[in-house]
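What follows is a short report on a single structure.
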């Protein structure tokens with residue numbers, strides 16, 4: 001094919017094409033900020049008490065799950081309320097794969113925990129793929145409610161299959177994680193700068209590593225060919241198809257990726273709780289409340305924004321933890337009795353209100369606010385540069 | 001055979017209640033294309049008013065206040081929040097109702113604390129025998145009340161000015177506005193009616209006969225079954241809502257008896273899933289297509 | 001490269017009992033600029049949607065060289081070298097111009113979630129190479145200064161050009177343009193006409209154009225097919241078609257009457 005760029009129309013402006021993103025001062029500021037965040041996260045276990053680290057871990061669990069959901073719902077436009085189901089699937093798969101063999105009551109494969117983790121992620125992805133034929137046929141709210149059925153079916157089977165999950169009454173403890181023989185427990189003496197690195201600190205670093213991987217993969221995918229196909233399918237299916245995107249495959253892929261993320265978050269949940277329990281009580285970890293909490297994270301953060309999902313998770317999963325810690329520290333009447341304003345309750349109010357405010361006043365969520373601030377800063381900077 | 005007849009009658013009674021809820025969803029959806037995720041909290045709110053007021057003003061008075069209260073809450077949500085955000089698309093507004101649902105539900109559950117009051121004193125837990133068949137009175141009353149209300153609704157939908165305006169708006173919003181239909185009023189009325197129906201439904205849900213549990217978080221999750229009811233009927237079809245409600249009631253009753261109580265809720269969603277795979281817009285819904 | 005011939009043969013499309021297309025045949029000769037015109041509701045867009053695989057014809061065939069398009073799923077078309085623009089532009093308003101145009105490169109590039117996510121060297125190289133090409137195309141169409149602007153922030157004339165750029169990014173040998181001038185002003189339309197003409201001359205590809213604007217069509221088309229009520233009522237060079245009394249009655253007549 002001949003080159004069409006040989007001739008340029010009269011109105012073309014005198015400007016060299018620069019398809020690369022601008023690497024101005026703001027770009028460097030942004031990179032530096034991420035680096036600071038990462039360094040702080042690395043240093044925190046040296047300063048924080050175990051309870052606070054536990055709270056931070058739960059935020060990271062939320063972050064991984066929310067990133068997965070924002071890819072599916074925000075980028076690919078597929079409303080899903082099934083996230084809790086895939087969390088349960090991942091948690092169960094990890095516990096079963098890594099569980100000890102030979103127990104007559106509980107099925108276990110005795111796999112190495114790392115393999116079990118990878119297996120759990122893969123199984124969740126396959127389950128997501130299995131739902132794809134249904135998802136491919138449905139749109140919008142129909143898909144949302146259809147996906148809700150997975151949560152109910154999952155809880156039912158989770159409760160019925162006691163040899164996998166241990167049932168609702170007792171639950172089942174997961175195998176503790178270990179990486180090439182290094183245990184994520186209190187075993188062995190390990191110190192950094194005189195601070196003993198015990199189970200909580202080790203799990204913190206494990207979760208941090210998983211969150212960073214999840215974050216970077218998602219950013220790369222969103223910026224690349226895959227993310228482009230997802231957005232095209234979200235915004236106009238016929239146009240996406242004509243441009244060569246198989247709509248069906250793009251949707252199925254988004255479901256598989258999102259389920260894999262949820263599965264990983266499920267593995268993290270079960271490691272965090274130290275117990276697998278397929279219940280849906282107020283403190284349930286896999287009920288519809290959880291699906292809604294994840295949806296809240298990505299709405300608050302801004303649908304489709306990966307950093308937004310991170311911030312949303314800090315708020316939705318972090319607030320109840322932090323409130324609980326503060327209330328004990330400050331000696332508030334801690335909410336445990338009847339009619340009490342428990343930390344979970346207050347956080348629910350906060351994120352319920354946050355959803356309403358975001359939809360009413362800033363549909364782009366916190367991500368849009370962030371972009372606007374960045375835009376204003378870079379605008380000022382360009383003025384200063386005199387261009 | 002007698003068990004089966006008994007199950008069908010009880011299933012119809014349950015189905016009638018789900019039909020009331022599903023009809024509410026559908027009315028709101030037709031008027032605004034918004035799916036109201038806060039429907040369960042309307043149910044809880046109505047029920048909460050009944051249980052707090054019945055000792056002071058009597059059951060009947062409390063029931064009326066509860067029904068009206070649920071309607072008014074729906075109206076307030078629409079006027080205060082949804083009507084203010086004209087720019088937001090129906091999808092975002094559906095998300096907004098999730099926020100409303102979380103707040104209202106959590107607050108009512110907190111207020112209820114550990115008390116799980118039953119509502120249907122007037123008729124609850126007094127089964128009657130008709131030839132060797134045991135029938136729950138709650139289901140019979142629900143069936144009668146729902147039949148009357150649904151008939152009234154269809155008459156109003158067909159013949160009243162509101163019904164005509166509402167159908168016109170559902171067909172074509174711009175055209176309806178051009179011929180002078182006040183979209184705001186139609187929408188507000190739709191929410192009010194949906195809220196009233198939710199308020200009636202709770203009188204039957206939080207009973208010994210219907211769920212074996214009093215007003216609680218569980219009531220909210222039972223109300224959630226109105227979702228599959230509305231969806232499998234087709235979100236934009238009022239007749240579909242009734243058919244969907246009945247289907248859900250029957251599936252629930254049969255699955256509870258023949259499999260287990262725990263399975264019943266999943267069974268309802270399973271049936272919905274199967275229907276959606278065959279008919280992606282529900283039994284009576286219209287297919288949406290993307291124009292290019 | 002050789003440009004295949006597009007041949008629409010005896011295509012009938014029904015919606016229920018309604019005939020959107022009734023036994024329609026037309027041939028787009030390789031390298032020609034072919035226009036499809038007709039009054040509103042004549043079936044032009046339906047014909048387009050059958051060609052690009054979005055609608056399935058009830059009867060008849062559409063072939064592009066050796067490919068039978070009536071048996072092809074729409075996402076295969078880009079790989080065969082068919083690019084298409086849309087009446088309503090059908091872009092992602094929140095994404096940048098470059099991102100939208102890069103979608104046109106989808107069939108020419110590779111990589112799934114992991115290779116994109118890991119930013120493997122070959123993925124980044126490929127991305128950069130194709131982004132440069134996309135930028136060239138944008139420059140050619142006069143939107144090179146807006147590469148990083150969200151499409152939603154552009155004026156409508158520029159939005160239509162982004163749509164055109166995306167269709168060209170497929171590197172098509174057949175370009176289907178669905179009312180490229182719809183909603184643009186007279187000056188923009190004139191510019192667009194010369195751009196379309198340039199595209200054909202520079203690339204030597206076939207262009208099938210659905211258009212309302214008669215001035216634009218008669219000025220640049222090699223051949224014109226006229227549809228009315230789903231039937232072909234005329235087919236030939238612009239001058240012949242313009243003189244055809246049936247066309248005047250069905251289309252130009254009513255148009256003139258409206259204008260008058």
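Using the three backbone atoms N, Cα and C, a Cβ is placed for every residue, glycine included.
Since we're looking at a predicted model, the values are computed, not measured.
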Range annotated region 'Disordered' in TrEMBL (choices A:1-21, A:22-42) is A:1-21
Counting Cβ pairs closer than 8 Å to the transmembrane segment (A:81-102), the top stretch among A:56-74, A:114-134, A:340-361 is A:114-134
Using Cβ atoms only, state whether the transmembrane segment (A:285-303) and the transmembrane segment (A:340-361) have three or more pairs under 8 Å that are 6 or more apart in sequence.
-> yes
Lying 6 or more residues past either end of the transmembrane segment (A:114-134) yet within Cβ distance under 8 Å of it, the residues of that chain are 82, 86, 89-91, 93-94, 97-98, 146-147, 150, 175, 177-180, 248, 251-252, 255-260, 262-264, 266-267
- prompt: Okay, the transmembrane segment (A:56-74) and the transmembrane segment (A:310-328): do they have at least three CB pairs under 8 Å, pairs separated by 6 or more?
  reply: yes
Per the Cβ under 8 Å criterion, with at least 6 residues separating them from its ends, the transmembrane segment (A:32-50) contacts 56, 192-193, 195, 197-198, 200-201, 204-205, 208, 212
